[in-house]
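Trainee: Right, I'll just put the structure down here and ask away after.
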Amino acid sequence: MGPTRVPRRTVLFQRERTGLTYRVPALLCVPPRPTLLAFAEQRLSPDDSHAHRLVLRRGTLTRGSVRWGTLSVLETAVLEEHRSMNPCPVLDEHSGTIFLFFIAVLGHTPEAVQIATGKNAARLCCVTSCDAGLTWGSVRDLTEEAIGAALQDWATFAVGPGHGVQLRSGRLLVPAYTYHVDRRECFGKICWTSPHSLAFYSDDHGISWHCGGLVPNLRSGECQLAAVDGDFLYCNARSPLGNRVQALSADEGTSFLPGELVPTLAETARGCQGSIVGFLAPPSIEPQDDRWTGSPRNTPHSPCFNLRVQESSGEGARGLLERWMPRLPLCYPQSRSPENHGLEPGSDGDKTSWTPECPMSSDSMLQSPTWLLYSHPAGRRARLHMGIYLSRSPLDPHSWTEPWVIYEGPSGYSDLAFLGPMPGASLVFACLFESGTRTSYEDISFCLFSLADVLENVPTGLEMLSLRDKAQGHCWPS
């Protein structure tokens, strides 16, 4: 492998001399042109309690580059006396409607105060656009409709941040998390809470919204979702446990099976938000190279096979498959739109525990498995060096590669988007991420890269060790 390529970076939002700061990016690709929508929080200072309102820049992709419009303030995305935070857009492909979810938090109440007191100050809000983000409708407060009585057991909650997804069934999903009140003491003055990921969903193209069940066991927070072939949903979440948490849903996010730690995806100190996006792998790339599977134990999957569990487990991916589909044939559709992405079936450990039983036909030979990309700071002690990770078997927590660092320096929150195949290139992706030279909240940057770039630049061995925690700048957790 030659010198590592670093994609060209464009700064879309930059901290101003007045102290005005831009944080918490979200990115959405709107076909067919496509149009890119880059969202962010505008804050009076870097502090969470000084969040103010949401802003947007629209970009048009032409001939491999993006032409960006000027910054606009989303004037309708606000509740009176509340601050708007955590942009989380999702597109309904059937109607072309964009739903921008966010939370509106009363005054300057910090999240930490809500967690300590058990007194929620957040509202679940949404605005919509039917013209690719040019105009936005009035705000909807969905708190009572979507959460209802469950809110009394939530110390606080938030959506995303980053993009939501739409499943093949049409269900719209918005990733979220809550600090659930486990118990109260001293007449309710002391509150014991634990964070849990979840999803809000709609089955009627956004007319009504509902709250799904929590990831039940491990502490999990800010998360993103990806569809899994076989009608499963994959959740990847921030955690204070030292590694990311993944969890599966067999009912499209209505509930989640117990989560499990992903040992190959380390968290920074106190954790950091990360982004995932799923896509169909190109059939021309052979899966035999152990370099891309993350483990020499991994063996290629047939795109159409029956799964037989050889070893029992009550949790995670293996437990899900054991309970719901011990001998279910899984086949990939031969034609799917670029916006409907799935994940390849797999296990939570050694793939030798899965036995292929369905002979591959000439048609199935043309079908490709699906992969995941994941973006997150590569530093383990601080938020440094934005990395792109690849998994060719997403349900296997050992399948992730080491990161390809696309930006050296302080880095924070990010959001990925899949743009599809482009002329003269392989599959193309975009990343919107917090960056800076001394702190991770100086800029929000944008870059484009292809799957070929990822395959060429992902490290294969221990070459990340010298970079991961190289001192550079000051990165404050949040």
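Along the chain as shown, residues are numbered 1 onward.
The backbone N, Cα and C atoms fix where each Cβ goes, glycine too.
Pulled from Swiss-Prot, these are the listed features:
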ACT_SITE  ASP47  active site, proton acceptor
ACT_SITE  ASP48  active site, proton acceptor
ACT_SITE  TYR413  active site, nucleophile
ACT_SITE  GLU434  active site
BINDING   ARG23, ARG43, TYR177, TYR179, GLU222, ARG238, ARG383  substrate binding site
REGION    285-307  region 'Disordered'
REGION    335-359  region 'Disordered'
REPEAT    127-138  repeat 'BNR 1'
REPEAT    200-211  repeat 'BNR 2'
REPEAT    247-258  repeat 'BNR 3'
MOTIF     22-25  motif 'FRIP motif'
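A description of the local structural setting of each listed feature is requested, covering burial, neighbours and distances.
Mentor: A C-beta separation below 8 Å, combined with a sequence spacing of at least six in one chain, links ASP47 (active site, proton acceptor) to none of the other residues. According to DSSP, ASP47 (active site, proton acceptor) sits in a coil region rather than a helix or strand.
The 10 Å shell around the Cβ of ASP48 (active site, proton acceptor) contains 18 further Cβ atoms across the protein chains shown.
Residue environment of TYR413 (active site, nucleophile) contains 31 other Cβ atoms, counted within 10 Å of its Cβ in all protein chains. DSSP classifies TYR413 (active site, nucleophile) as strand under the three-state reduction.
Around the Cβ of GLU434 (active site), the number of neighbouring Cβ atoms within 10 Å comes to 29. According to DSSP, GLU434 (active site) sits within a strand segment.
With a cut-off of 8 Å between CB atoms and residues at least 6 apart in sequence, the same chain places ALA158, GLY160, PRO161, PRO175, TYR177, SER197, ALA237, ARG238, GLN273 near GLU222 (substrate binding site), listed in sequence order.
For the repeat 'BNR 1' (127-138), the number of residues in each DSSP class (helix H, G, I; strand E, B; coil) is 0 helix, 3 strand, 9 coil.
Beyond its flanks by at least six residues, the repeat 'BNR 2' (200-211) meets 92, 94-95, 97, 99, 101, 124, 126, 128, 142, 145-148, 150, 159, 169-174, 176, 252-254 of its own chain at Cβ-Cβ distances under 8 Å.
Confidence over the repeat 'BNR 3' (247-258), given as mean pLDDT on the 0 to 100 scale, stands at 96.
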Trainee: Run through TYR179, ARG383, TYR413, GLU434 for me and report the recorded positions whose CA is within 10 Å of the CA of ASP48 (active site, proton acceptor), in sequence order.
Mentor: none
Trainee: Under the DSSP assignment, what numbers of helix, strand and coil residues are found in the motif 'FRIP motif' (22-25)?
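Mentor: Residue counts in helix, strand and coil order: 0 helix, 4 strand, 0 coil.
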Trainee: Here's one to test understanding: among the binding-site residues ARG43, TYR179, ARG383, whose C-alpha is closest in space to the C-alpha of GLU434 (active site)?
Mentor: ARG383
Trainee: Do you know the DSSP helix, strand and coil residue counts for the repeat 'BNR 2' (200-211)?
Mentor: 0 helix, 5 strand, 7 coil
Trainee: Round to the nearest Å and give the CA-to-CA distance linking ARG383 (substrate binding site) with TYR413 (active site, nucleophile).
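Mentor: TYR413 (active site, nucleophile) has its Cα 9 Å from the Cα of ARG383 (substrate binding site).
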Trainee: Summarise the repeat 'BNR 3' (247-258) by DSSP state, stating how many residues are helix, strand and coil.
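Mentor: Residue counts for the repeat 'BNR 3' (247-258) by secondary structure: 0 helix, 3 strand, 9 coil.
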